[in-house]
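See below for the structure under consideration.
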Amino acid sequence: MLGSSSNTVKNLPLKRRLCFLLKLVGFVSSVLIFCEFLIYYVVIFQCRWPDVKGGAHRREKEASVLKAIILADTHLLGEIKGHWLDKLRREWQMERSFQTALWLLQPDIVFILGDVFDEGKWSSPQAWADDVRRFRKMFRHSVLTELVVVAGNHDIGFHYEMTTYKVNRFEKVFNFTSGKLITRKGINFVLVNSVAMEGDGCAVCRTSEAKLVALSHKLNCSQQKLSNSNKRCSDVEKLPASEPILLQHYPLYRKSDAECTGEDSAPPEEKNIPFKEKYDVLSQEASQKLLWWFQPRLILSGHTHSACEVLHAGKIPEISVPSFSWRNRNNPSFIMGSITPTDFSLQKCFLPFESRVFTIYCAAGALLVILVLAHVQLLTPPFYFAQRLISKHKAV
């Protein structure tokens, strides 16, 4: 009995150490699970679909509303500039955000407004295939949700880098063509390859503009806007009369982001920098063409990585959607749109701020160090420190 008691005493410190180690593992695991998984549910759960006007009965209104998520500039890193750790971190963040949003919000359709890849303009066939594979894993979705992707300059190159080969391989993967019309629940969406709106008569540009002009004619005939519609529209396929929504990568022409407001607009030091036509924004000529051709009720664009809302011709709103990647900003977000054939309502949904996640990790790390030091008695609790001082004083 005495030997057994002696062994128990000897094993007690070891058991305490193991117990302490298990507690540390549990603490670290809890922090990791929260910061890398649960935080996306906590944040996105607070987002709500905006209400849209119209509809006599609630059920009829809900049935006619298309729930759309709009995001932009995911910039999946490639093999040339992408460090493996940066890839791992950014792609995990975007995958968790996207999958959480799908599960919580259950949209009917998701639009990605270009620059899906960071190096699509350079990538070899093998690198392109790898990028596409990773994209499909990250942005997987059920058959109940449709995914529509628009081409950006990093996907097919700026105009001087754009080739038919790059355009075709993007179109093959994403079933995208400039001038393509998507109609859902009586709502017309026009997809525009804004890189091809250079206006210099290049082969891709000519094809793209021809499709846009033909589609403009169909839409105008369907809305009966032409004075001689009976003659010119007699053999034209009729489309829903809803005014279209333009989806493109480049914003329409604006001088700068000086008038843009909001916490996710461009930083103050960048707002007054003039935009370069055909590089930062479309040219004035191309912008005017799109407005003339389609008279859209809404324009959605990306490219600048920052949020902005402007009015064209004093009545047509354009929303520049900020980047979905934490590599480009501390506070990524996406747009939630409730859309009907005659109206729409938009609401922004912010993702977890990276600075806040970093703060949680720092606080948890500091607490972990304190706990370890206290356990090995390198950090003496204040009570015992005071007791030692009193003992020394009495000894003197």
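Numbering starts at 1 and runs along the chain as it is shown here.
Yeah, the Cβs are placed from backbone N, Cα and C, and that goes for glycine too.
Keep in mind that TrEMBL annotations are predicted by a computer and have not been checked by a curator.
Listed in TrEMBL for this protein:
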{"type": "DOMAIN", "residues": "67-306", "note": "domain 'Calcineurin-like phosphoesterase'"}
{"type": "TRANSMEM", "residues": "20-43", "note": "transmembrane segment"}
{"type": "TRANSMEM", "residues": "358-385", "note": "transmembrane segment"}
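Residues 92, 96-97, 100, 104, 350-352, 357, 360-361, 364, 368, 371-372, 375 of the same chain lie 6 or more positions beyond the ends of the transmembrane segment (20-43) yet place their CB under 8 Å from a CB of it. Model confidence over the domain 'Calcineurin-like phosphoesterase' (67-306) is summarised by a mean pLDDT of 93.
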